[in-house]
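As given in Swiss-Prot:
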REGION    1-25  region 'Disordered'
REGION    74-104  region 'Disordered'
TOPO_DOM  1-154  topological domain 'Extracellular'
TOPO_DOM  176-235  topological domain 'Cytoplasmic'
TOPO_DOM  257-334  topological domain 'Extracellular'
TOPO_DOM  356-380  topological domain 'Cytoplasmic'
TOPO_DOM  402-411  topological domain 'Extracellular'
TOPO_DOM  433-469  topological domain 'Cytoplasmic'
TOPO_DOM  491-517  topological domain 'Extracellular'
TOPO_DOM  561-578  topological domain 'Extracellular'
TOPO_DOM  600-639  topological domain 'Cytoplasmic'
TOPO_DOM  661-698  topological domain 'Extracellular'
TRANSMEM  155-175  transmembrane segment
TRANSMEM  236-256  transmembrane segment
TRANSMEM  335-355  transmembrane segment
TRANSMEM  381-401  transmembrane segment
TRANSMEM  412-432  transmembrane segment
TRANSMEM  470-490  transmembrane segment
TRANSMEM  518-538  transmembrane segment
TRANSMEM  540-560  transmembrane segment
TRANSMEM  579-599  transmembrane segment
TRANSMEM  640-660  transmembrane segment
Amino acid sequence: MEESPREAWAQFPAWSSSRKARTGPSLASVLNDLPSAATLRYRGPGVLPWGTLDENDDEGRSLQAFAETAQMESQPSRELPWPMQARRAHRKSQAREQVASGSESRAAYWTQQLSRTKGKMKEGFQTIQPWAWTLKKIGGQFGAGTESYFSLLRFLLFLNLGASVIEVCMKLIPTWLEGAPPGPPGPNISSPCGSYIPHTQGLVTFPTQLFNLLSGEGYLEWSPLFYGFYPPRSNLAITYLCSVFAIGLIYLLFILHRSVSGLKETLLAESDVLTSYSHRVFSAWNFGLCGDMHVRLRQRIILYELQVDLEEAAVRRRATEQTLGQRVKVWSMRALLNLLVLALLGAAFYGIYWATEYTVTLQETPVVQQTPLLKLLVNYLPSIFISVFNFVLPPAFTFIASLEGYTHSRQIVLILLRTVFLRLASLVFLLFSLWNQITCGGNMEAEECKACGYNYKEIPCWETRLGQEMYKLVLFDLLMGLLVTLLIQFPRKILCGLCPGALGRLSGTLEFQVPDEVLGLIYAQTVVWVGSFFCPLLPLINTAKFLILFWLKKITLFSIYSPASRTFRASTANFFFPLVLLVGLAISAVPVLYSIFLIPPSKLCGPFQGKLSIWAQIPESIESLPQTAQNFLYFLGTQAFTVPLLIVSSILMMYTVALANCYGRLISELKRQIETEVQNKVFLAQRAVALSSRNGVS
């Protein structure tokens, strides 16, 4: 026969004897003196009011009251402050009552089952994720910041893999399903917009072959790699254009999901109400770990997190102790350093603009035309300038941020902001220079652009030219990473290990610079977003590049780098990195949408030949649909649809804001209750010390 919760309580005489052996003030008087008693008299349903118990009350009656009270509560049995046997009896009693009364509805049952299934699927997905053990090992040895870099790299790798599948299904396959695409235009084909003759050489020398491979010219210029290869077919034009919006939407949704999940961790980590130290000490350990290696890795992760908290607390304490004169000195230093940062950025942008503007002029000189290596260098001149500035300025930004007196997490954010501005703005300046060449500086009445709407004399297929520039940026970024690793980092590590003296100290210890590495990923991904419309296979190339980069960085991390002397919060990485990715996605959308809606497509290449704009293909395709489908699609663009949609969206937004405000007030109330509970514990500890001292004296 099963025992009741009351009988289970009766098996623990220590709970009863402790009350009888207690001396001093009664429990009711102590509870009434608690700080929370002055503001929180009503404790909610199911909790006995304070002051109702007395020491002379019948013991069984009080235990029965507590048991009956707990049975009325809806909280799970594991949350009750009871012995284990009493909680088991209480859980069985609740189960019998639920079966007898049928209080658990079918909807609640399926909701519970769905939540359990979702949790199990999430755990299983995390278990089968590629390189999960590698990331865990990196986090344990080098900290959460370094782990976040590899996590972001894995995330971008799979996004590019998905985009590559969509590109192949919506561009390559439709091209070959409707027949073999035509060859390149011949020299006899001309139009009012000139002629376009891709240089598809046959047998060439090895230097020329290498030049074509690295520049995207020659046999690659008329290949599925670039926009100009795809023939002007209506079905292909629709799938080509729709793939751009489909891939962009997928990127946006996945990055937003990652940003929101990181925002929750950031808000919790940055909260000052809950002490980070107690959270790390009491709830950070995973009791399901098996094996010494897993235990040591978890210990290192907790150690790094505590180290970050202690470092930032020390910096904040020093900041609060500063005098007015010291604060003025600090702010003056920060102003001067920011002026220096602006000067460095201005010099970098001017160099990139100069390199892009004069590349065409230098390519036409006889010396460059006769020397293949010099021609390759001139062709890569904008990419070289961008890579040099991206290699030199981030360490300078790191040094400048260390002089500004911020916490390490704030320094990471500043370095990220400055570096992302450098990398993305340099790409913007490159695109602006190319736009200036394509559209004659925006002057459509100029002689070169008046006939066709673009500079057809210098750039007969401007989409392929843009794709080639993005292709060269992706390749050069990969080559720079390989060269820096093989020619700088490995020799530096060997020199540091073989020369323990002054020369070894001069070479220094290599530490993994997370901000610079992350911004390199975001810059590379932004280049791919810009160029994927003009170079459809660029996501596939970037997938292979990220795969090579993952293994290269993993090998160099464990063989060259040492754990960072200063770390930063994982919450900063989990939220800020996807946020910068969103900025890169927004920046990349501007040139792509501008090309689709405003610049006339090339007249001699690509699937949109002869159109006033690339977007003009959509209305023409709609007109070929049945009348019912046309009416429905045109209705989506009228005010009869957009105005109700705007009203419904506004109502949903207001509801979301109101719900967020309610949750905010609830969170504030819970925080106040936590503070009150802390005061209660302090008060009880003080009373216990006072009573112990009094009993010792007596």
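Heads up, the Cβ atoms here are built off N, Cα and C, so glycines get one too.
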Proximity of the transmembrane segment (540-560) to the transmembrane segment (381-401), 3+ C-beta pairs under 8 angstroms:
no
Are there three or more C-beta pairs under 8 angstroms joining the transmembrane segment (155-175) and the transmembrane segment (381-401), sequence spacing 6 or more?
no
Establish whether the number of Cβ pairs under 8 Å between the transmembrane segment (236-256) and the transmembrane segment (640-660) reaches at least three, counting only pairs separated by 6 or more residues.
no
Let me know the model's mean pLDDT on the topological domain 'Extracellular' (491-517).
69
With Cβ-Cβ distances below 8 Å as the criterion, list the same-chain residues six or more beyond the ends of the transmembrane segment (470-490) that contact it, or say none.
214-216, 225-226, 379-380, 383-384, 386-387, 391, 427, 510, 520, 523-524, 527-528, 530-531, 534-535, 538, 541-542, 545, 548-549, 552, 556, 560
Please tell me whether the transmembrane segment (579-599) and the transmembrane segment (412-432) touch - that is, whether there are at least 3 C-beta pairs under 8 Å between them, with each pair 6 or more apart in sequence.
yes
With a Cβ cut-off under 8 Å, give me the same-chain residues at least six positions beyond the ends of the topological domain 'Cytoplasmic' (356-380) that come close to it.
207-208, 211, 214-215, 429-430, 433-434, 436-437, 458, 472, 476
Other parts of the chain folded back onto the topological domain 'Cytoplasmic' (433-469), taken as Cβ under 8 Å at six or more residues beyond its ends:
192-196, 215-217, 221, 225-228, 352-353, 356-357, 360, 382, 531, 533-535, 538, 591, 594-595, 599-606
